[in-house]
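Trainee: My questions will all concern the structure given below.
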Amino acid sequence: MKKTIFTFLSFIISLSIVSAQKGIDFSKKYSAGGKLLMSVDSGAKNVYYANVFPNQPNTSFSYLPDVNNLSIQINFRKNINIPSFRYTILEDDKPIVVNQSIDSTKLEDTDAGGDEEIFSSTFLGTFAVKGKVITVLVYSIEKPQDIEKSVFYGNPIPKAEILAFSKRTATEEGVDYSWVKHPKGKTKLTFSEKDDQITIVKDKSAIDYLYYTSIIDKRNDKVIFESTAWQYGGIVDKHEFLPFIDIDRSIFKKSGTYEIIIQPLIKWKTSSKEIQKYITRHTLSITLKEENYTKKDLLVYGLIICAVFGAIAGAILTYVKKKEVKKLMQQFKEKEIAKLQLNSVRSQLNPHFLFNALSGIQNLMNKNEIDNANKYLSKFARLTRNVLDDKELISLAQEGKLLDDYLQMEQLRFGFKYKINQAEDLDLENIEIPSMLLQPFVENAVKHGISQKANDGEIIIVFNKKANDLVLTVSDNGNGFDPMKKYNGLGLQLSDNRIALLNSIYKENRFILEKQSSSEGTTINLTLTDWL
Amino acid sequence: MKAILIDDEISNLENLRTLLEKHCPQVNIVAAAQNVNDAVNAIEIYLPDLVFLDIQMGKQTGFDVLKALPHRNFEVIFVTAYDQYGIQAVKFAALDYLLKPVDIDELKTAVNKASQKLAAQTQTSQLDFLLQQLKRPEATTSKIALPMQSEIRYIALSEIIRCEADNTYTFFYLTDNEKILVSKSLKEYADLLKPNGFLRTHQSHLVNPAFVKSWLKEDGGVLLLASGDKIPISKPNREIVKQALQQL
């Protein structure tokens, strides 16, 4: 660093007198890129020299807003083949010097101020730069592609102008663009799922490479995007290539306010207020809209949603159905169990009178009453067969016949009277009831009601009809029993169970058992509701 | 009436003989047999008018006796103790049977019926029908014998639309619009035909489910038949009918 300073100082001393009339302060030398140095007006402020930019190799940019004149020098190291170098100078794109070789006669050695290295140096000229752009191109004919370019910018750097935004939308055919041209200050953009990119189009200038673009999320002031890489394409309505930047839409994670900032990448050395005039700001109000679907999408999504809901509904239905089937199975099972219990209850009714009946027949045989023995044997066989047949239902006529058989057999043992009355309008042959429904009550009437009363005892059985109900009544004139007390007779207990089971099987009907007992006798009413 | 008694147990033969001699003097017992061979021989020798035939005879049956005979010009009264086998077929053929121990009143009735039939010469075809029935697996009967006043009609079950009770009589409604009156209760036919799928919808109605068109909700449940008849369903039968129709 010291070496450089000393080099510059030696230049200043040796050349200051030469250019004094131009008002250039040769005491200050600014690096101007490549092999160039520059000196500017003595009073000039704001010399932003030797700015370099991404993607612009070998270009040095000096922004000289306050400079009227500048002097440009070129320095060569000693080992460089100076005659091979050429330079071109442009003033506002107009060449004023073209492919000029170095005038070796004017080359002077300049030391490096304490350094051993000695440079060969010469002036390329002094230029009025105010309101102009001076461009110097330096290259060796040995390497004509390696052009060192220095730009001395005497114009004010223009603020970048956003010419347009475009939004790219994926379609069935490919992509579609929608445009917002010449936006002012603030732009509202709505992005759907199909929008994948936005493009910022800038006005064209010779110094587009200066401009740095950033996007800031205003919620947290974080830079979510930055770029200095301008592309060029035939866009907007001008028939020329314009600089643009493509921005992936996905940088916008949420709806909200964003700011686009486009600014020249100058190494400013001034107040930020001063800098603001070079900065372009544009507010983007972004709305992310997820549900902006096309018809096809709607159909597809609709189908997916339907499928999902269908699956859920299906699952629920299957579950419900399974439950229903389970419930039905359960009901069926319960019914089967009830039926089995019913059967066992039914068959348990019989030993009570079966063996008594047999002993009654035995008695007839011993008394040599052959015809009576035959008669009662047949009755006994009928009763037994009815139990063994295990029929769920028998007709009222059959039930009456069995009760008649039974009572006749009991009459062998006890002397009593009985009647079986059947209402005339009952279709005895075809009305069916659970078999042996009344037998236990009749048995009870015989054993506990009238067995002590001998010939005065009377049992009356009635099959009657009340509206749609079938009413079966067994009454006796015995001593009665306490209906509230659980009777110890097995037959009656079983009958209670049986009626409960029947109620669980015949859900549409009710089996209602009423017991009335007094010292005058006992009456049992069994009502089968809606049976007829 | 010449009669032959067939039973594999000697005590049963003696008992029946005693009862017949005492209560049915018109029956002249010409022979008795305890096995199928003897029975066939006795029948071919004596050419009886009436045969009392036990169904279960050891490993053989009374039906084997009938099968062995080319000509069956006699009346048969089956006698069985507690025998499910064959009884259904006997009932389908509308043949007579007695249960052991034999009830004297039933015996008298059966003998009287047999002598009436002998005069009418109808039983041969019923025995043929019985033997055909026995070849079928149970509950796959396709026909039923319906005894009418002067003849026996053999009706395919598929021709029976429905049966309706009239006290101890039953009306059969057939597909050709014929209506047959049979002197047996609906209950008996319900017991016979339920295993074949017939539905007892009501105390007075038995329906062939093949002719059910729809279940009408009116009056708490009515079956509409293809014939246009509306058959009531009584409450105690509702659930069983519903289940049966669902399984169709």
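Placed from the backbone N, Cα and C atoms, the Cβ positions cover glycine too.
Please treat TrEMBL annotations as automatic predictions, because they have not gone through curation.
According to TrEMBL:
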- B:2-115: domain 'Response regulatory' (DOMAIN)
- B:144-247: domain 'HTH LytTR-type' (DOMAIN)
- B:Asp54: 4-aspartylphosphate (MOD_RES)
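Mind running through what each feature is packed against?
Mentor: The helix, strand and coil residue counts that DSSP assigns across the domain 'Response regulatory' (B:2-115) are 50 helix, 30 strand, 34 coil.
Summed and averaged per residue, pLDDT over the domain 'HTH LytTR-type' (B:144-247) gives 89.
Taking the Cβ of B:Asp54 (4-aspartylphosphate) as reference, residues of its chain lying under 8 Å away and at least six apart in sequence are, in sequence order, B:Ile6, B:Asp7, B:Asp8, B:Glu9, B:Asn12, B:Gly62, B:Phe78, B:Val79, B:Thr80.
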